[in-house]
Structure formats: structure tokens, C-alpha cells
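In what follows, a structure is listed as C-alpha cells, so that the remarks can point back to it.
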Amino acid sequence: MVKYEVRVPTYTASAVSPSERDRILARPIQDTQNIRKIVEPIIDDVKARGEAALVEFAAKFEKAELKSAILKAPFNESMMKVDPRIREDIDIAYNNIFAFHSAQLRPNISVETMRGVVCQRMSRPIERVGLYIPGGTAVLPSTALMLGVPAKVAGCPHIVISTPARKDGTVAPEIVYIAHKLGAEEIILAGGAQAVAAMAYGLPGVPKVNKIFGPGNQFVTAAKMHVQNDYGALVAIDLPAGPSEVLVIVDESCNAESVALDLLSQAEHGLDSQIVLIAVALTDEQFDEIEAAINHHALRLSRSSIIQHAIKKSVIIRTDSTDEAFEWSNLYGPEHLVLHLKNASSQLPKVNNAGSVFVGPWSPVSMGDYASGTNHTLPTYGYANAYSGVNTDSFLKYITTQELTEEGIQRLGPSVIRLAELEGLTAHADAVRVRGVKL
């Protein structure tokens, strides 16, 4: 066995017991109690002191000296000086995301459930949405697109963006350009829990939002969960999107270099990222090619130290069949699932739990992360078992209506009276009786 400097812990599926499998697939444990102890005082400080607290936190965490933590539209052209080629790339991504999310819009529905009883469902955009764009270890204009474009498609009238300032107190011009393109009204210069608090509770001149969107680290996720549970905030969140993760399933048809880079492209997101490789019936020589490629690229990439840290919490599983591979994958429920398999699209019926799937050798996660059209804000940490990724519906609310004619209430009313009386709710029953309904 070749001794590589960077090696992912490897297991053979047939030698693993069910209890060991649960341990192998466990995400890195997050000390949520200690995280809450850090997050809650920050939220309370922003609630109490507003923008002044944001300015202080910017100095503490981003080392940025701010005169104001709020940028109001219209944004100055000098803040949007983007390389023309990058601007064109942003526009291409914008158009693809707009096209895919526009196709998700659903018409209002109207159903006559019985004669004289018409039920309808109509959609309305959420009025004020807050979009959190992480800064930290990378500038992420792609996230501004992934959150902002569906909000635009849904028709949300008020869009607020929050993103950390750079050390010089400015915002990446790409993000300002996207904010302008979206029609965002404000950019709050804040990251982390303080950004979530600012959007949840509002600031002078910046009303609170109705729903907060956006990925982030464990502190951002904890802050989103906290404000969602605070009845004083009355704010919803998109999903508990935490550290980035990818699961890649490969067979003998795969290209080792592509596999390695698909894995490492998610490992480079942050120290708490996790990668999982499931290798189906590979020879030792084929498996070694992948390990060699992982080692080579992990050492040469610009974010090598982050990647190597993430790899320590990652895993490779060797299986005998694709059915076994998908069993492991569905138990894990990855944010990103990549299929380096022969006739990969034919395997899609086996996918039960995943945020987004990248099908075949020409579909790296990078395409969905930036510009294919799908959304990259996806459930992580196993939440793909119950949550969907951000989509157009995430920015809409649905209101139902019912309209009964006199004939309709006469037909349906007796059933409602009996059911209401069964539950002991006499006012419900009498509200029907008073309209002339008799049993």
C-alpha cells in the first residue's frame, strides 16, 4: 500500500456492522450548547443596540472600521466596478437560475370539491425577505444569485441582503452588482449571528424581514434556529443549512482526477466540511488511482490547509454493488450527491435522500454551485431526509379560500355539525345551524 500524506479513512462495507455504519456516517459532532452560549449574547446585543452593535462586531470579527453598517439603494456605480468578463458570467448564471426557477411557478388552483363548495389556493410572495451571503473564508456572489433570483421570480417586493464587510469596510463589488440587479433595498454590513439578528429584529430605517435565507457556519445556523423560535421575532427561516458536504458514488467507469476534484471542491469550503466517497467494486489499482489524485490535489490547491482539516472528518466506503452504495447514501442524506456511474441517469430512482444530484461524468458540483440553474442552498447535516433545497416556493406563501353557495352549505353542513358536536365544539356547529342547516 502506497503511503500518502493525505489519506481519507477507508472502510469495507461488508465488514461493517449496523452500529459501526451509523458511527462511520455520523457528521462531526457540533457542541450546540456552547454554540448557543456564544450566539445568544450577540443576538441580544443587536436587539438592544442595533447598528452600533453591528459596527463593533465588524471591528471585532472582520477587522473592519465602519462608519455605518447599512448601505441603501440606489448603490453608487463606484461600488459596482466588476470586471466585464465576470459581469457577463454573472449575467449568464442569473439568466439560467431565473429560467429554472421561473419554471417552478405554479398556477392558482380551483376545485369544486362537491356541488356548491369551491376551494381555491392562491400564491402570494413573502413581502420582506432577508438574504444572508457569507463572507468569511470566501467571497460568495453565487449565493447572492441563488437566493436573490428566486426571490425576484417570486415577486418579493422588499429584498434585504446581509454580508460581512471586507477589512477596508467595503463590500465585494460583485455582490453589490447582484444586489442592484435584484432590486435589493439595503445591504447590511454584517456576518454571522449578528447579521441574522439584524434581519430578524430590524434596525433603524431597516424594518425586520419575514423570512431569512442563506447558508452559513454552525453559528449562523444556530442563530437562525434561535430567531425562528422567538415569538418576538415572528420570522421564518429557509432550512438549517450548515457545513458543506458531498457524497460521490463511483464505479470502474470513473475518472480518478474528476472524482478527486469533485470531493475536494466541497472540502475547500470550510474546516467543518465533510466528504464521503463510496467506491463500487473497484480493483485495488483503480482505488489507488483515486487516493493518489486526492493526495496530489489536496496538497497543491490554494486552500490546502482547510481541505486537509476537513479530510480528517471524512470517509471512504468500498462496496460490492450500486444497490449497497445507494443504501449507504440514502442513510447519509447528502447535501450534494455525485454519480460517477455507467448510465448514471438510470440510477436516479434509487435516490431517496439528497439535496441535489449531479448526474454523470460531465456534471461536477461546481456547475450547480454557480450557473446550471438549480439552487445551491441545500439541506445539510442529514436534513435532506426531510427538507428540500431553496426553490421558488420558498419565497411564496399559499393562501386557501373556500366559497359555498346556499346549496353547498345545505349539502355539506349536516356533516360539519355532526363532526363539530363529536368534538364538543358547539359554537362551530351553531355557526352552521344559524344559516338554516338542519340535521
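Here the Cβ of each residue, glycine as well, is placed from N, Cα and C on the backbone.
According to TrEMBL, the NAD(+) binding site annotation covers Tyr132, Gln194, Asn217. According to TrEMBL, the substrate binding site annotation covers Ser244, Gln266, His269, His336, Asp369, Glu423, His428. The Zn(2+) binding site annotation in TrEMBL covers Gln266, His269, Asp369, His428. Residues or ranges marked as active site, proton acceptor in TrEMBL: Glu335, His336.
Positions of TrEMBL features highlighted on the structure.
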{"residue": "Tyr132", "record": "NAD(+) binding site", "Cβ contacts under 8 Å, 6 or more apart": "Leu147, Ser162, Thr163, Ala195, Val196, Met199, Ile212, Phe213, Gly214, Pro215, Gly216, Val220"}
{"residue": "Ser244", "record": "substrate binding site", "Cβ contacts under 8 Å, 6 or more apart": "Pro215, Gln266, His269, Gly270, Ser273, Glu335, His336, Thr380"}
{"residue": "Asp369", "record": "substrate binding site", "Cβ contacts under 8 Å, 6 or more apart": "Ser142, Ser265, His376"}
{"residue": "Glu423", "record": "substrate binding site", "Cβ contacts under 8 Å, 6 or more apart": "none"}
{"residue": "His428", "record": "substrate binding site", "Cβ contacts under 8 Å, 6 or more apart": "Val416, Ala420"}
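Residues Tyr132, Gln194, Asn217 are recorded as binding NAD(+); their most distant pair of Cα atoms lies 13 Å apart. For Gln194 (NAD(+) binding site), applying a Cβ distance below 8 Å and a minimum sequence separation of six or more within one chain yields Ile42, Ile43, Asp45, Val46, Ala53, Leu54, Phe57. Shown are the binding-site residues Asn217, Gln266; of these, the residue with the fewest other Cβ atoms within 10 Å is Asn217.
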